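Features of the protein shown, as given by TrEMBL:
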REGION    35-55  region 'Disordered'
COMPBIAS  37-48  compositional bias 'Low complexity'
TRANSMEM  76-98  transmembrane segment
TRANSMEM  118-137  transmembrane segment
TRANSMEM  144-162  transmembrane segment
TRANSMEM  168-190  transmembrane segment
TRANSMEM  202-226  transmembrane segment
TRANSMEM  246-265  transmembrane segment
TRANSMEM  338-358  transmembrane segment
TRANSMEM  370-389  transmembrane segment
TRANSMEM  401-421  transmembrane segment
TRANSMEM  427-448  transmembrane segment
TRANSMEM  468-491  transmembrane segment
TRANSMEM  497-516  transmembrane segment
Amino acid sequence: MFPVRLPVDCNPDTTMSDVTTLYLHDSTLLLVPHRQSSPTDVSRTSTSSRDRYGEPREATHHDALVYVLYTQRWSVLASFGVLSMSSAWLWITWSPIAPLVADMWDVPLGQVDQLSGIYLYVYVLGSIVALYLVVNYIGLYRGLLIGGVCNATGAYLRYAYMHDYTTVYWATLLCAVAQTFTLATPPSIAGTWFGDTERATATALGVLANQFGTALGLGATIVIPFELVTHQGNVAIDTVVLKKYLWLQVGVAVLALLLVALLGADAPPTPPSKSASLSRRCNNVVATKNIRLQENSNVVNDTAPLVEATEADDHKGAPIGLSYGASVRSLFANRNRIACTISFGMAVGVFYTIPTFLGQLLPRSWSRKAVGWLGFSYQAAGTVGSFGSGRLVDWTQQPQLISLAFLTTAAFCIILLTAVMSQTAPAWPISVAFTVGVVGSGFSLAAWNTVGLELGSSLTFPADEAVVAGILESGAELFGFLWVTIGGYSIEVAPTMFLMLLGSAVVAALILLGSARMETARPQ
């Protein structure tokens, strides 16, 4: 069935209270993908129902404003999800088996940790260039293609030269470059392809894919026997098993590249929501020699703030169009948005830090397989938190209250971990407390990761979602790098103090977010 548009009559005096918004679904037949989706599924709609920018016209009180939700949005999200999962899996590969590969390469354990840490500082610098190119020049589709090529190439080089630490390091650097094109993408896909009631869920699914890849890497020791007992009775890495494991990663990376190439797309033929329509309209205005939005008689009254924001550069940093620089400025336009950015960076940085030191924080009686199970549980709980929080935001439209609840839970869980570090109770109560603390913190911090990205994009509308998410993730990577650096020096001598630092960071993030006044700029 082709989508049908209700007859509409453009009226510049119409308000949104007079308009009913309907969402129509396109044919279930998968479209032939390209950089821009095929417009054949809307060819039968009347041109009078669209304005000169190809957007749905607003209606009078007799009509309804109709947006089409394209089936292809799910294939675009799925192809990105596989790529994001592969990237996260490659990132965490060496952490669960760090002592074994350190012996194989004959390098200090700290150099193995650098293979994970490289992702942190490469993203902070590389995302600036990557997102600038994506927003201003190459678009979402080509950006993900570049990320997929870098990801697959790096994975293959790590497989082919796995015995050479130097080559593995540079190959991992290439994989880290790939992440600069993928990590901030979920809000952009959600805002471009999904309707208002699906946006947070789509963001959650994109973030969930990344966390699932991390769970695969941390849980690898559960099912894969990496350890080999030598004739001398020493424990070493089984190089045959490791080579097969790396080859599996290459296969997934290549599959992700193919899926992005075949199923990816920049944007649907028509926007799926009012906010996407206004963003596209705003971008088209800039592209047509800065034609002012108020000249378009189809803009309804409640979009006046957006019109005013595009009229002058002095509107408190509101972006003109969707340029990279203007989007960055919009995130730092007032102290409330700055508070959200810092809160996101501090707490999500803790989320990225905990898996790195999980094995060193646990009691020494835990086996390597048990540590693997707990690491897998940490990320699995995070996937549940990501998806559940996205659905909850779509249902309640209260991202700040939900964020405060999750940050409070995370602070409690880390305080619980800190409290049991110095206890001498029997082994099983300590193990239970650690499990509850680790799983609970993974669940709640991952939820804040998802809700924070959605909150940031709603506060800065019509700024580009990928740019906003990139800045937020850069802050998280910076704080994560800081926590990892401090932990590297203190984890062996003062693990309780290190946990207190992480707990204090989450509490500070909670206070910052709670004291800010978050008002969404996105049309509802």
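Placed from the backbone N, Cα and C atoms, the Cβ positions cover glycine too.
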Any chance the transmembrane segment (468-491) and the transmembrane segment (144-162) are in contact, meaning at least three CB pairs closer than 8 A with a sequence separation of 6+?
no
Check the transmembrane segment (118-137) against the transmembrane segment (168-190) for contact, please; criterion is three or more CB pairs under 8 Å, pairs 6 or more apart in sequence.
yes
For the transmembrane segment (144-162), sequence-distant contacts whose Cβ falls under 8 Å of one of its Cβ atoms, 6 or more beyond its ends:
79-80, 83, 86-87, 90, 93, 138, 168, 170-175, 177-182, 185, 239, 242-243, 246-247, 249-250, 253-254, 256-257, 260-261, 264
Answer with yes or no whether the transmembrane segment (338-358) touches the transmembrane segment (427-448) by the criterion of at least three Cβ pairs under 8 A, sequence separation 6 or more.
yes
Of the listed stretches 246-265, 338-358, 497-516, which one has the most C-beta pairs under 8 A with the transmembrane segment (401-421)?
497-516
In terms of Cβ proximity under 8 Å, which residues at least six beyond the ends of the transmembrane segment (338-358) contact it?
92, 95, 113, 116, 120, 214, 218, 331-332, 371, 374-375, 378-379, 382, 407, 410, 414, 438, 441-442, 445-446, 448-449, 452-453, 455-456, 459, 471-484, 487, 491, 498, 502, 505-506, 508-510, 512-513, 515-516, 518
